[in-house]
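**Q** This is the structure I want to talk about, given as C-alpha cells.
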Amino acid sequence: MFVGLRDIRSARGRFILITVTVAMTALLVSFLSGLTGGLAHRNTAVLDRFTGQAVIAGDSIDRSVIPAPEVDRILGTDPTRAGDDAPTALHLGRGSFGDTGVITAAVTGGTAGEVGGRQAPRPAPGHVVVPDGTARVGDTVIVAGREATVSGTTPDDWYSHQQVVWVNWADTDGTATVVSGLDADATVRDASAAADGITASPAGPALTATTTADLPDTMASYSAEHTTLLLVNVMLMVIAALVTGAFFTVWTIQRLPDIATLKALGASTWSLMRDALGQALIVLVVGVGVGLALTLTAAAFIGDGVPFVATAGTTVLPALALTVLGVLGVTGALGYVGRTSPLAAMGGQR
C-alpha cells in the first residue's frame with residue numbers, strides 16, 4: 001500500500017473529489033433505501049401484526065371482501081382449533097376520523113394468526129383504539145360517522161398510507177379482507193384444490209391461498225411503488241460503480257509509466273494490483289462511510305413528517321452493496337496493471 005498511499009497524498013485533490021462523489025452517491029442510495037422502507041411500512045404496517053397461512057377473496061387484497069357467512073365457515077372449518085388457537089379474520093375498511101381519512105380495522109376469531117408481541121387491539125363495542133397523539137383515552141370521537149369512546153392508542157399502524165383506527169368487529173359489516181393463521185389443509189373441500197390448500201364453499205367467492213408475508217405483493221400500489229424505488233436504487237448503485245471504475249481506469253492509464261518502472265525494478269504484478277485495489281477500497285470505505293453517517297444524522301432529525309425507516313436492511317446492506325459494486329467497477333482498471341510491460345519503462349528496447 002506504500003505506492004497507493006503516496007498517490008493519494010500526491011494527488012489529494014483528485015481523490016477528495018472522487019471520495020466526495022462516492023459519499024454523495026452513498027447518501028442518495030441509503031436515504032432512498034430508508035425512504036423505500038418507510039413508504040413500505042406506511043403501506044402495509046398493519047399486516048405485520050399477522051402471520052401464517054392466509055386466504056383472501058380473489059387475487060388482490062385491495063379488492064378482497066370475504067362475506068360474513070364465508071368468514072364464519074372458514075373460522076369454524078377446523079373443530080380441533082378453538083379459542084386463542086383459532087384463525088384470525090381481519091376487516092379493513094375506509095372511513096373518517098374527524099376531518100381525516102383513515103382505515104378502520106377489526107379482528108375476530110382466535111389469535112393464532114397474529115404475531116404474539118404485536119397482537120391486534122380488540123376494543124369493546126362502541127369503543128376504538130386510535131393513533132397516538134390524535135385523542136386521549138376516554139375522549140368521545142366520531143369514527144366513520146359513528147360516535148365512539150377512545151379506549152386506547154396505538155403507535156404505528158398504517159395501511160395504504162393511511163393511519164389505522166381499530167374498532168370492534170360488531171361495529172363492522174362482518175366481512176373480512178383476509179383470514180390468517182390457517183392450517184394449509186384446513187379448508188380443503190376437494191382433491192383438485194389440494195394444491196391451493198384453501199377453497200371457497202360453492203356459494204362463496206373464489207378464495208386464494210397465500211401467506212401473510214406475501215400479502216403486500218397482492219397490493220397494486222405497494223408493488224408499483226416498491227419496484228420503482230428499488231429500481232432507482234439499483235440504478236444509483238450501478239452509476240456509482242461506473243463512476244468509480246471510470247476514475248480509477250483514467251488514473252491507472254495516467255500512471256502506466258510509473259507502473260512499468262516499478263515492474264522493471266522488480267515489483268510483482270499481483271502486488272501492484274493489490275496496491276491499486278487497496279487504494280480503491282480506501283476511497284469507497286471512506287466515501288460510503290461518510291454518506292451513511294450523513295443519512296443516519298438526517299434520520300435522527302427528520303421527525304415523523306417523512307416516512308423514513310433506519311434499519312440494518314435500509315442502511316448497512318445498501319452501503320455494503322455499494323462498496324462491493326464499486327470494487328467490481330474498479331476491477332476493469334486492474335487489467336491495465338496486468339498488461340503493462342516493464343519494457344515500457346525502457347522505451348520498449350531490450
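Note: Cβ is positioned from N, Cα and C throughout, glycine not excepted.
So TrEMBL says this about it:
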TRANSMEM  15-40  transmembrane segment
TRANSMEM  229-253  transmembrane segment
DOMAIN    232-336  domain 'ABC3 transporter permease C-terminal'
TRANSMEM  280-303  transmembrane segment
TRANSMEM  315-337  transmembrane segment
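Map the listed features onto the structure and describe their local environment.
**A** Counting same-chain residues at least six beyond the ends of the transmembrane segment (15-40), those with a Cβ under 8 angstroms from any Cβ of the stretch are 7-8, 161, 216, 222, 225-226, 229-230, 232-233, 236-237, 239-240, 243-244, 247, 283-284, 286-292, 294-295, 298-299, 306-311, 313-315, 317-319, 322, 326.
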**Q** Across the domain 'ABC3 transporter permease C-terminal' (232-336), what is the average pLDDT of the model, as a whole number?
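**A** Within the domain 'ABC3 transporter permease C-terminal' (232-336), the model's average pLDDT equals 86.
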